[in-house]
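Asks: Mind having a look at this structure? Questions to follow.
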């Protein structure tokens, strides 16, 4: 039998018959772990594999060589050797591990990576050798099973921990060379943090105390493992234990947070935490000792329960980050599409990557590797070393040290380094030394970095005119489960060429489906192409003219759908639409487009009718800090939009606090306002010597640019507008009433229904949100003065956020009675819960941030009397608004909601600013359209939130009129110093 299978194996694969394949398969089934492969995979290996019988001392391949084969050991043993960088001559090396029967190696051929070590036969060996192309085919059909089998095999044969330990032993002063794929089953810290150790103790105590729990003694491969449990049962237990844990994925992430600190481990240290039947146990049980024996005492169980009640939310917050780190420690080919999408969403918010295209970020999401370094003083690399990797700091800081100069810079979280050496293929220009313990980094290795650069250039199409680029396109990568009708996306171009490309290739009867480029263009063109330039030259060919006009009509229809009334604000556009309608009526070849044009005309007529009805609309900015309202004195009516030519009445002060009252259109510039105010206040200075200034309630001054517009609506809660000589700004002081509450309805909050309060707050803020046009986000980000456009509706909505936030603080520090303050805190926590239920996340954030304000959080006597149930709810709310990882918790939460909803607007503006400041608008004379795409994504969020009308079921009305009047204008103090002083007065600091 032995000779028969070797005879069969000696044949060329194309010459083997079914009998040969069966003989070879039988031989392979005798080898662990190959015997665990399905019969079809064994037959494929038998059909394409080669047999090698090698003597002792034969080198199969060397480190750095390009891999061509995958191997399985059928007999004998081999050595895996590592050659230190300084020993390139090969005279000195370290044996990392030995490979015995059943070991497999060479999987790097799946990713076209060079060999990372040298393999030499230690004895006479029998090997199964499979060529790269054949192995890839077998792998794709059996990926998950083969990955689990071969990963376990590699760990058992010494890859993973031993590789790192051996390398570390050879270089004590410098960090070990980064492994290609860090083992996600191992801790990222040398010892668990006290907080995680305590949490592990509490969870284990409750598990052991529960006689029916999953933590039991089990036999694994004939060996008794004390107190271990399957991952699935641990997840079940945690979901049932904690109300804040809603999904199995969240529970798995919390257990992984314990695994990555070594508090919990896989029994064989081969797996990160998985919601599967893999067994895990606590560090305490692994170490043994008296603490691991017996049922916990009653007092320990009580202490564990108390600790979990107080600290479980912190573990809940760590879960998503732990899951992300686990994914980033997995080999690229093991990351699922869902995991790659999760990594991509994180990369979008890293400043060091903001200038890269979406396609490059998607590539990076599959190849970024997470590194953790426990000790400060570790050298990441030395000056003069070969540049092998690019790094981004996720946590901690590093010193940049240059010979002869010492430390020249300190890099912190979000900074990147090491890229220049890769781009220029030059030695490292400095030494990088970790400044803190437990630094976390992302790493991209050189071969991946260079491959991405090559792929980007290969997928880029450049259109030129007169030897210069006018349009740069990038091939659209196919995403699993997604289909795009467009092969290329626009990266950059001249405005005219992008419009031409859009009309010729993105519109027409043959084009269907959602086109991101078209929608991005319609939402952002005002940045690089004003409305008056949206025209095109008409060609002479009759047939082409007809097709061209059809595309223009389609463009007009989609533009109106995308930007609504903003499309009709330019008179030239209205004239163009009317002319186009006349041409369509007169041309029989355009009969099919008649209904489209009539629909656009109808929308234009409605806009003009609404504009005429509201012509001469007057607003006022009340003198005592109340929000802007119509001159009639009523609160802002339903969905009333503030228009550029609406008048607003407001006051302007001078240094001695005398004032004048002005009335101007919203679009009036600061230059005109200051000139008129100076004249009325008899400031005998020329316009060049004066400036318009806001003085805030804390005395801070903010100077307006002469060409700025929408001035009165942009003031802070208790801000006042001053005109001043430029040299005398220091003489400007706030008015006395600016430190007092703004005027509002005085009412006892205790008599108002909390649900009714949340309901009317949501209705009121929905109308404010609905009035904000997406363009206002662009005006706010780039600066109103660049467009000469107002952001009044956005200003009013943002002001409302601050009003609600400081209303919470003002009410609490204005209440001297302790019992009433406790009642108010409970009421505000319930108010936040109702706002969250109504999906008014803007008000939810405002209420929770108000309760988290320093003047409120210091009220220890008040918080001590809050029931634990309410404190726990508030902790969950604080976790949801946690700004860490770019508000990751909120983004995950809001991503699961359906419209209608009111989003947290300050975060959307932060995203717009991030895209603007991290990316140039123009690159080599071309519009950077990747930046436009990023901004359009945020603008589409607003569109999505309002894509359904608000239809809340009203609560039982108790005092509807009072509530509506009350919530339209709160009593608010926004001076933090005053609020803190009031807080000290109602609850003085305790003396120790």
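Every residue, even glycine, has its Cβ placed from backbone N, Cα and C.
TrEMBL annotations: computationally assigned, not manually curated.
Feature list, courtesy of TrEMBL:
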COMPBIAS  163-173  compositional bias 'Polar residues'
DOMAIN    51-138  domain 'Cyclic nucleotide-binding'
DOMAIN    209-284  domain 'DEP'
DOMAIN    352-453  domain 'Cyclic nucleotide-binding'
DOMAIN    486-605  domain 'N-terminal Ras-GEF'
DOMAIN    646-728  domain 'Ras-associating'
DOMAIN    753-989  domain 'Ras-GEF'
REGION    163-192  region 'Disordered'
Asks: So, does the domain 'Ras-GEF' (753-989) come close enough to the domain 'N-terminal Ras-GEF' (486-605) to give 3+ Cβ pairs below 8 Å, pairs being at least 6 apart in sequence?
Replies: yes
Asks: For the domain 'Ras-associating' (646-728), give the DSSP counts of helix residues, strand residues and coil residues.
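Replies: For the domain 'Ras-associating' (646-728), the helix, strand and coil counts are 20 helix, 29 strand, 34 coil.
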Asks: In the predicted model, what is the mean pLDDT computed over the domain 'Ras-associating' (646-728)?
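Replies: Here the mean pLDDT over the domain 'Ras-associating' (646-728) amounts to 92.
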Asks: When the domain 'Cyclic nucleotide-binding' (51-138) is classified with DSSP, how many of its residues are helical, how many are strand and how many are coil?
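Replies: In the domain 'Cyclic nucleotide-binding' (51-138), the DSSP-based counts are 15 helix, 40 strand, 33 coil.
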